Amino acid sequence: MAPVFILITIAVIMALSSTYANDNNPLQDFCVAVPDASAAVFVNGKICKNPKLVTTDDFVATGFEVPANTTNRLGFGAATADVNKIPGLNTLGLTLMRFDIESNGVVPPHIHPRATEMFVIVEGTFYAGFVTSNPSDGTKNKLFARDLNPGDVFVVPPGLVHFVRNVGNTKGLAYVAFNSQNPGFIAVTTSVFGTNPLISTEVLTKSFQLDKKTIDYLQSKFGGY
Ligand SMILES: *[C@@H]1O[C@H](CO)[C@@H](O)[C@H](O)[C@H]1NC(C)=O
């Protein structure tokens, strides 16, 4: 190619491409701004260890061969290798989880505010699904769900309500990946009915079109969490 043609090609490519600026993704629920520069501050995420003091163990977690404790009202348990367990994950944008669930166990509808989720089923049969948000294209609150078997992989887009139930007769095991060092977990149940302090009854009776007695009952079920 002639040099002039190459230059023109480069100029056209540069003209067609535009630069997009993005805010950094939050690495925790919030990072409240401090107007006073001399005040004690937290960084977005964790502060970094002096590289000279870093050891191999900063990049290792152990114990993931052991099933998580599933003795609770929902019948599931998880061991999470996130930044709190593996300091070396700081700023690397990844979390891995071992997930165990009893037959008939349920992970209630919940959200990971900071991560896409992807999991592979090793044992058991899972009914899993997620619900879309409210885009203007007519797919409002659309449920995507199905049964999944060992070897199947499922993806949950970030920030969407999703759930899992072990519909098989045996224990379930899955390994889960999140593209955040701190994905977060918001259960719809407890974040509505189990808040501290409680959300006012007037808000919940109107929102859910239920009477005060039912709201009081639900708050007693999920309160003190
Ligand atoms: C599992 O959790 C339950 C409820 O918190 C507890 O009573 C039980 O001792 C735990 N089991 C083991 C093996 O740690």
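First residue shown is number 1, and so on along the chain.
Note: Cβ is positioned from N, Cα and C throughout, glycine not excepted.
Listed features, source TrEMBL:
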type: BINDING; residues: His110, His112, Glu117, His162; note: Mn(2+) binding site
type: BINDING; residues: His112, Glu117; note: oxalate binding site
type: DISULFID; residues: Cys31-Cys48; note: disulfide bond
type: DOMAIN; residues: 62-216; note: domain 'Cupin type-1'
type: SIGNAL; residues: 1-21; note: signal peptide
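Structure with TrEMBL features highlighted.
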| residue | record | Cβ within 10 Å |
| --- | --- | --- |
| Cys31 | disulfide bond | 14 |
| Cys48 | disulfide bond | 11 |
| His110 | Mn(2+) binding site | 17 |
| His112 | Mn(2+) binding site | 22 |
| Glu117 | Mn(2+) binding site | 21 |
| His162 | Mn(2+) binding site | 21 |
Minimum Cα separation from Cys31 (disulfide bond), reported as the residue among binding-site residues His110, His112, Glu117, His162 that achieves it: His112
Using Cα positions only, nearest of the binding-site residues to Cys48 (disulfide bond) (His110, Glu117, His162): Glu117
Env. residues of Mn(2+) site, Cβ within 8 Å of mean position of His110, His112, Glu117, His162 Cβ: Ile111, Ala115, Phe130, Val156, Leu160, Val161, Pro183, Phe185
Where His162 (Mn(2+) binding site) sits in the secondary structure, as DSSP reduces it to three classes: strand
